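Asker: Dumping what TrEMBL says about this protein:
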- His523: active site, proton donor (ACT_SITE)
- His566: active site, proton acceptor (ACT_SITE)
- Thr23, Ser24, Asn102, Trp103, Leu104, Val105: FAD binding site (BINDING)
- 92-115: domain 'Glucose-methanol-choline oxidoreductase N-terminal' (DOMAIN)
- 269-283: domain 'Glucose-methanol-choline oxidoreductase N-terminal' (DOMAIN)
Amino acid sequence: MPLITVDEATQKHFDYIIVGGGTSGLALATRLSENLKTSVLVVEAGQGHFHDPKVDIPSNFGSVLNDPKYVWDFTTTEQPNLNGRVLPMPRGKGLGGSSNINWLVWCKPPTADIDAIEKLGNPGWIGGSMVDAYPGLTFNPEYRVAEGSIQISFPPQSYTVDKVVRDAILQIPNVEVIGDPTGGDISGTWMCSANVDPRNRERITAASGYLLPHMKRENLSVLTECSACRILLSDPQHAGGDLTASAVEFIYHEQRHVVHGSSVVLCAGPVKSPQILELSGVGNPRILSDIGVDVKIDLPGVGENLQEHTFLTTTFELRPDAPVECFDLFVDPDHRKLAEETYASGAGYRMGITSQTFIHLSIANPAESGDIILRAEQEVEALKKSGSPPAGLCEQYDIQLDNLKNPSLPDQQVMILYGSYPVPCPEKRLITLFGGQHHPFSRGSIHAMTQDPLRHARIDPNHISTNIDLELSIQDVKLMRKIAATEPLKSAILQEITPGLPACVSDKDLREWAKAEICAMCHTIGTCSMLPREKNGVVDPYLKVYGSSNLYIADLLIIPLHFAAHAQTVAYVIGEKAADILTSKGQE
Ligand SMILES: Cc1cc2nc3c(=O)[nH]c(=O)nc-3n(C[C@H](O)[C@H](O)[C@H](O)COP(=O)(O)OP(=O)(O)OC[C@H]3O[C@@H](n4cnc5c(N)ncnc54)[C@H](O)[C@@H]3O)c2cc1C
């Protein structure tokens, strides 16, 4: 049983201390501890959540989002370009992290997006093979069951309305059905695969997929309810070269403790990881000085380059005779009972999001795409001339502009939710279309505000701080409206509820509505980017923090440029790849 006490942990010395037992952290811990001579400690702030129906039953997704037992209650700063709104930023807390609370959508990013990571100075992060290199993360039509991996399956039933929406989408020229969205090509419309175990229809998380099958490994230790505060680094005055991480300080039941290790890997997610680095003296000297922390490693990229997927929703009321089984019915006790009985019988129950469409702007809106791309180029050119973009950002923008012109790389996503969002409305028959943006030009930041590790950092995603991001967002609304106005969906719809016709028609109306409605998808990346140091990088392609000899970062926040896919697959791949990197390093 890897769960150990604080007293046991503080008396030992570990080969690796992994801070954060979430999606990447548990994949990494499990892989590293395959070598029984390697001792691994995971330090996780939350609880275990083993065999918890709130996590395991897929259709419970969304139900714990306000429960601090499962979720960090992060919020953003007031967002000036979204009418000063403060947005919630939930993240999973406890073993499994965000894999416990996510919406179970499983897909693989397009190859071009992953290639862009390599182009930015990261040899070895090769696109096409990135996910395929890890068979435990690849969909297998025969549902091969491999110990210690994530099982992926398609939902047991699709919704009747799925076909209606899909048939409408397929009327758009050049949109095709994709049979296997895990194959690396997600440009088209597809039935959504999910991290649901086909044997028992339970959600597979980083905890149940990676950790639980290895609970007897004696070299794998896990501390829960221990919140890491900082990493203890050698003194720069005496180090002479790269600094050495020797220990992690954490809080358990209001007391501070220290655990020692030969290497430390940060996997505490995009919000907490930069905060822990700053409290350890790693970051921008100006920011560290503001909070009274001595500089150990001068790394201005810490907490910067934040990128996030944003989305807008449009809701439509269906005709009384239209086919729809909606989530809102879950508030009806009889429907809920029937759903639970169906689930308990082993027949499964609809797990959540079933249909997805990813398409390029030129397919969604051929009439306007050329002009929009031109305006994007002009905006980037003006930014370059202003001299204000931080080091390395223009290179990212150039890749983004190239990608915006690549019709095989999707920028827009439409996802269907059967019901009203975010508040249920069971008395009406509603469907909500989600329109998502995948390649934002806006960049934000996350920084510690005080030396108190338990006080949340200042989270400023700086959403929609470029005109092009607002423009692309309203293109999502136009696409969703186009789908709704196409047969056979058109005949099923009684009226548009949001944005609402005829009040919101012009681009000007849509921009104002978007500012009041845009939300974030919880796919934050970039806050400790894997980039060359002079381009605001924090880690090198071997995941090592610049200026350190044994401090690593291995979760989503190392990804320097956003990709068109939901994020969990990449988080798992980072954990797996980090294990490969650290293991081969050990063999050198
Ligand atoms: C509501 C929601 C819905 C989502 N839906 C989808 C989806 O449908 N499909 C998809 O692909 N992706 C989805 N995602 C995104 C995806 O789940 C995450 O991007 C991914 O799981 C993040 O993995 P991670 O390892 O970077 O972080 P996490 O899994 O969040 O792990 C970070 C871990 O670190 C721990 N931690 C934090 N601070 C400390 C500290 N100081 N000390 C110790 N431990 C600490 C946390 O408690 C957590 O366990 C969703 C995310 C959310 C939040």
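Here the Cβ of each residue, glycine as well, is placed from N, Cα and C on the backbone.
Tell me about the setting of these features in this model.
Answerer: Using a 10 Å radius centred on the Cβ of His523 (active site, proton donor) and all shown protein chains, the other Cβ atoms total 24.
In the three-state DSSP scheme, His566 (active site, proton acceptor) is classed as coil.
Val105 (FAD binding site) falls within a strand when secondary structure is assigned with DSSP. Residue environment of Val105 (FAD binding site) contains 22 other Cβ atoms, counted within 10 Å of its Cβ in all protein chains.
According to DSSP, the secondary structure content of the domain 'Glucose-methanol-choline oxidoreductase N-terminal' (269-283) in residues is 11 helix, 2 strand, 2 coil.
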Asker: Can you grab the distance from Trp103 (FAD binding site) over to His566 (active site, proton acceptor)? Cα atoms, rounded to a whole Å.
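Answerer: Between the Cα atoms of Trp103 (FAD binding site) and His566 (active site, proton acceptor), the distance comes to 10 Å.
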Asker: Mind checking which of Thr23, Asn102 has the fewest other CB atoms within 10 A of its CB? They're the binding-site residues.
Answerer: Asn102
